[in-house]
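Right, one structure below, let's go through it.
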Amino acid sequence: MSLQMITVSNNIGLIQPGFSLMNFDGQVFFFGQKGWPKRSCPTGVFHFDVKHNHLKLKPAVFSKDSCYLPPLRYPATCTFKSSLESEKQQYIIHGGKTPNNELSDKIYVMSVVCKNNKKVTFCCTEKDLVGDIPEARYGHTIDVVYSRGKSMGVVFGGRSYIPPAQRTTEKWNSVADCLPHIFLVDFEFGCSTSYILPELQDGLSFHVSIARNDTIYILGGHSLANNIRPANLYRITVDLPLGSPAVNCTVLPGGISVSSAILTQTSSDEFVIVGGYQLENQKRMVCNVISLEGNKIEIREMETPDWTPDIKHSKIWFGSNMGNGAVFLGIPGDNKQAASETFYFYMLKCAEDEVNEEQKTFTNSQTSTEDPGDSTPFEDSEEFCFSAEANNFDGDDEFDTYNEDDEEDESVTGYWITCCSTCDVDINTWVPFYSTELNKPAMIYCSHGDGHWVHAQCMDLAERTLIQLSEGSSKYYCNEHVKIARALQTPKRAVPLKKPPLKSLHKKGSGRVLTPAKKSFLRRLFD
């Protein structure tokens, strides 16, 4: 194994945690930067050109009949061939986070339609599904199995936002483990079916999956509900007869505790696991070799590379599989220096010889790293997600140069919205105001019209009031709509007062005599 530092000549700010790499016939392409892409590259896909330890990003070209592909982070990706003998390779992309921190439930199919010495032209199509459609998620895996001359996609794990009915103001954007269901997706007919297997009890995310023929191995992962990284090892077999598919799961011994690891293939039956975390605040510096032979799997430790001091002392790391036994790694830069880079990057080569096309067929596994925005203080804290302006694209390319006006303003997306005319919450200057805030401003949902989110601080809410509203189910109206809401409310119906006739106020024999002044007062009172 060899470790080399990589310098990035342009657009280094595009490379953020959660990106994916796709290898088409030896050419690597970058996908999924954090933030909306430039207009010169509307899909956020770039040629990932590494030569002599120097990286250059060039915007990719898409055909006119391609659909829009958002720059998704932490999606599930895998290679796909209609059959084992097919030469045409495609990539399947499912789920992931959009730059607005919304989750996607769509499936995209990417293929190469034209290739020459200067550029590669892609075609991207969206696949519509019917049946048991997997909910929007991220941090999951999608693999392709082949059985009896047929192929099927397998979706498992991941995280999703909690249902709207369970959201409160304090945790309106919280995530939870997806149910441990297995989804079989027929890419030809667009059908999806879910399966419940008794061996899979807990939802997992950021695990490793390896697909070979009709079998998938699921290794490690993080259970958000229990906050553990169990040493799981599951073998899932899928039989595709003429009738209904048969899905079986077997629990195997010898698993390892790891999440957010990167998997790369070094030979036809060997894979290497790099990186990841063994605890919420401890990186896993050990590398493992996975050997497949028949229906057996063997996991053993291997000699680790000579990690640099920066990598050893870094709290987080992230990366993706480049194919051909190579892994691209990133760590945060040193914030103490004013001219520091946002991230430093390395390339780890686990195999010296290139892997041919037949060997790359089964490299279908998760290549994302765990989201620095969700669960744990180190690997999942957005304090390590830095924003940076992208440099100009090189002028020698056949694309428009980067114009700052082309950028979407991220200050009006997600949490960073203008919630009212006097909103002054700024991503660059915001500091915690309530004790319940960790790394994002607290928000409250206004029920006016179709509803919208506003910042609790802009609404001048006391923390006690904020907590009370978050725990209850009563409707809330922001400062701009509270008067409108009150005007629409129907006044409570008052019981009319009975007006007794004046002559009944003085009955004969009652012994009471009303003076003219008392009679006049009573008339004014009841009139």
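Using the three backbone atoms N, Cα and C, a Cβ is placed for every residue, glycine included.
Those TrEMBL annotations? Automatic predictions, nothing curated.
Under the heading Zn(2+) 1 binding site, TrEMBL lists C419, C423, H455, C458. Marked as Zn(2+) 2 binding site by TrEMBL: C446, H452, C478, H481. Annotated compositional bias 'Polar residues' per TrEMBL: 361-370, in sequence order. Marked as compositional bias 'Acidic residues' by TrEMBL: 371-380. As annotated by TrEMBL, domain 'Recombination activating protein 2 PHD' applies to 414-491. Residues or ranges marked as region 'Disordered' in TrEMBL: 359-380.
Feature map: annotations from TrEMBL on the structure.
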| residue | record | CB count, 10 Å |
| --- | --- | --- |
| C419 | Zn(2+) 1 binding site | 23 |
| C423 | Zn(2+) 1 binding site | 15 |
| C446 | Zn(2+) 2 binding site | 22 |
| H452 | Zn(2+) 2 binding site | 15 |
| H455 | Zn(2+) 1 binding site | 23 |
| C458 | Zn(2+) 1 binding site | 20 |
| C478 | Zn(2+) 2 binding site | 21 |
| H481 | Zn(2+) 2 binding site | 18 |
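One way to see the shell of the Zn(2+) 2 site is to take the Cβ centroid of C446, H452, C478, H481; the remaining same-chain residues with a Cβ within 8 Å of it are C419, Y445, S447, H448, G449, G451, V454, Y476, Y477, E480. H452 (Zn(2+) 2 binding site) is 14 Å away from C423 (Zn(2+) 1 binding site) when you measure Cα to Cα. If you measure from the Cα atom of C419 (Zn(2+) 1 binding site) to that of C446 (Zn(2+) 2 binding site), you get 10 Å.
The record gives C419, C423, H455, C458 for Zn(2+) 1. Within 8 Å of the mean position of their Cβ atoms, the other Cβ atoms in that chain belong to I417, T418, C420, T422, D424, V425, V454, Q457, M459. Counted with DSSP, the domain 'Recombination activating protein 2 PHD' (414-491) comes out as 16 helix, 8 strand, 54 coil. For the pair formed by C478 (Zn(2+) 2 binding site) and H455 (Zn(2+) 1 binding site), distance between Cα atoms is given as 9 Å, rounded to the nearest Å. C458 (Zn(2+) 1 binding site) is 14 Å away from H452 (Zn(2+) 2 binding site) when you measure Cα to Cα.
Counting only the Cα atoms, the space from H455 (Zn(2+) 1 binding site) to H481 (Zn(2+) 2 binding site) is about 14 angstrom. In this structure the alpha carbons, written CA, of C458 (Zn(2+) 1 binding site) and H481 (Zn(2+) 2 binding site) are 14 Å apart.
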